[in-house]
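So the structure is just underneath, and the comments pick up after that.
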Amino acid sequence: MAKFVFVTGGVVSSIGKGIVAASLGRLLKSRGYSVSILKLDPYLNVDPGTMSPFQHGEVFVTEDGAETDLDLGHYERFTDTAMSRLNSVTTGSIYQAVINKERRGDYNGGTVQVIPHITGEIRERIHRVAANSGADVVITEIGGTVGDIESLPFLEAIREFRGDVGRNDLAYIHVTLLPFIGTSGELKTKPTQHSVKELRAIGIQPDVLVCRSDRPINEDLKRKIGGFCGVPNRAVIPALDADSIYAVPISLEEEGLCLEMLDVLNLTDHDSDMKNWVQLVHKLRNPGPAVKVALVGKYVQLNDAYLSVVEALRHACLTQDASLELSWVCAEQIETHGPENLLKGMDAVVVPGGFGNRGVDGKIAAIRWAREQRVPFLGLCLGMQCAVIEWARNQAGLTGASSAELEPDTSHPVIHLLPEQQDVVDLGGTMRLGVYPCRIAPDTLAQKLYGEEVVYERHRHRYEFNNSYRNLFIESGYTISGSSPDGRLVELIELKGHPFFTACQYHPEFLSRPGKPHPLFRGLIEAAQLRLPASPDEALRRQSQTNISAQEKPSRIG
């Protein structure tokens, strides 16, 4: 039978509940326990798929095509375990399910109420994750802050859950903040005390307090917090601000979080294998030469809008012994100031996904600059579509070429709506979503990077390359290096003769992991490193490779 851990947060929002949940998952997995993590979000949207990135950050897509909270990306990256649509629950989806049941008559004419129907549906979703995943431990993060009206049904549901499984099979973690007041020179515990008081009023006594702070927490303070909040001193876990989110599991392990959880849940403490993770953090803190990467996007004012892209770049830099020097470039600024002024000196350019025509001309200009200046380029989803438009206009002779999404009346719709999307009216959950296979063409950069004939990648799009222009693109120099197995959909393109120029219709960033970077991102960083001034050892290695290549070339004499 599964064990259950519930993670709540208090005092302020964005306290780091998701990282705590993901870190605990990492620590449990390092001891041989299987883990699944789900997020309960208190907003009324059915899912975040139609929400603005400025409101919510990126939308993370699961293998089965769910559009979910970005925290699921943290869960997958930390535990290296694929989540599903069951791992993302919103108030909107709960109410939708309950109302549908009421309309079908499932409640036999009874009055439908928050208790027991809404809370019962929430509990059922948690049980469903346990049954579907078969995990030893199911960790549930409750979104929002204790005291919010929106979170009350979720908190009541996890209180009731204790009756479902018994007290020895679940644990409550409360993440809170200890603010430092400069005038008094002290970390203050009163906000934490009041947050726990709110939680107790609901009927939940936390087993562990994870206390965020920007400076060390001494034993006297831990005793004070434990005494006022009713937890053992050892269960007051300091969580100091870290230089990287990947350092948090190590910090929490040193403070005893996992041992305390194992004790509460009556689980055996197996030997922990965190060696690779410790090495990863060491490399993060001791990086190699910086690689300058420009991320050209529409939503660059909010870094979380491209969270998985940034993490994928970090993973690639880690493996390549490089440090990431990221420049956030607003696509609209390129339209105003030109690409040369904003991209000069960059070692690589990434154009990620997005929607709408704002900033598209800037993205196209950035892609043209990368192509002509021979700067390594990677396009993702809309980034591939912009690369197609750029080539059509400037190399294939298709004046005015565009996407049917951006310019419905364009004379050359090189990007058009997928046939199966023609009659779709609703926006939410109706795109081409989730994992689809892609067949890699032989003798291509893609084949070199992947080393596979067929790969499986996550998608989120309605528009696709228009095959009416396929032959023209090939004849003008484009290489279609990846397609759907039936050859109908173009998934991956590249340019031969360029140091690194490739773009894909899918989202490879969702599959990148610490220590296991996605091949496309690793290839980009590897190509970018070739632009860096070579160290003496590296220069010697490159010269050696050049000499070997020259010896292998057939003679042209005679």
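Positions of Cβ are set from backbone N, Cα and C atoms, glycine also.
Copied from Swiss-Prot, the annotated features are:
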| type | residues | note |
| --- | --- | --- |
| ACT_SITE | Cys381 | active site, nucleophile |
| ACT_SITE | His507 | active site |
| ACT_SITE | Glu509 | active site |
| BINDING | Ser14, Ile15, Gly16, Lys17, Gly18, Ile19, Asp71 | ATP binding site |
| BINDING | Asp71, Glu141 | Mg(2+) binding site |
| BINDING | Gly354, Leu382, Gly383, Met384, Gln385, Glu405, Arg462 | L-glutamine binding site |
| COMPBIAS | 542-552 | compositional bias 'Polar residues' |
| DOMAIN | 292-534 | domain 'Glutamine amidotransferase type-1' |
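This view paints the features noted in Swiss-Prot onto the structure.
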| residue | record | Cβ contacts under 8 Å, 6 or more apart |
| --- | --- | --- |
| Gly16 | ATP binding site | Gly9, Val175, Arg212, Ala239, Val248 |
| Gly18 | ATP binding site | Lys39, Asp71, His74, Tyr75, Glu141 |
| Gly354 | L-glutamine binding site | Gly297, Lys298, Tyr299, Cys381, Leu382 |
| Gly383 | L-glutamine binding site | Val350, Val351, Pro352, Gly353, Lys363, Ile367, Ala503 |
| Met384 | L-glutamine binding site | Phe465, Leu492, Ile493, Ala503, Cys504, Gln505 |
| Gln385 | L-glutamine binding site | Ser403, Ile415, Tyr463, Phe465, Gln505 |
| Glu405 | L-glutamine binding site | Asn357, Ile415, Leu417, Arg462, Tyr463 |
| His507 | active site | Val61, Ser308, Gly353, Leu380, Cys381, Glu457, Arg458, His459, Arg460 |
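Whole-number maximum of the Cα to Cα distances across the ATP-binding residues Ser14, Ile15, Gly16, Lys17, Gly18, Ile19, Asp71: 13 angstrom. Under the three-state DSSP scheme, Glu141 (Mg(2+) binding site) falls in the strand class.
Largest Cα to Cα distance within the recorded L-glutamine binders Gly354, Leu382, Gly383, Met384, Gln385, Glu405, Arg462: about 14 Å as a whole number. Same-chain residues with CB within 8 A of the center of the Ser14, Ile15, Gly16, Lys17, Gly18, Ile19, Asp71 CB atoms, the ATP site residues themselves not counted, are Gly9, Val20, Ala21, Glu141, Val175. Ile19 (ATP binding site) sits 19 Å from Glu509 (active site), taking the Cα positions as reference. Separating the Cα atoms of Lys17 (ATP binding site) and Glu509 (active site) is a whole-number distance of 23 Å. Shown in sequence order, Gly353, Phe355, Cys381, Cys386, Ser403, Ile415, His461, Tyr463 are the same-chain residues outside Gly354, Leu382, Gly383, Met384, Gln385, Glu405, Arg462 whose Cβ sits within 8 Å of the Cβ centre of the L-glutamine site. Between Ser14 (ATP binding site) and Glu509 (active site), the C-alpha separation comes to 23 Å.
The predicted model assigns the domain 'Glutamine amidotransferase type-1' (292-534) a mean pLDDT of 94. Ranked by Cβ neighbours within 10 A across all protein chains shown, the binding-site residues Ile15, Ile19, Leu382 are led by Leu382. DSSP assigns Gly354 (L-glutamine binding site) to coil in the three-state reduction, outside any helix or strand. When the binding-site residues Ser14, Lys17, Asp71, Glu141 are compared by the number of other C-beta atoms lying within 10 angstroms of their own C-beta, Ser14 comes out lowest.
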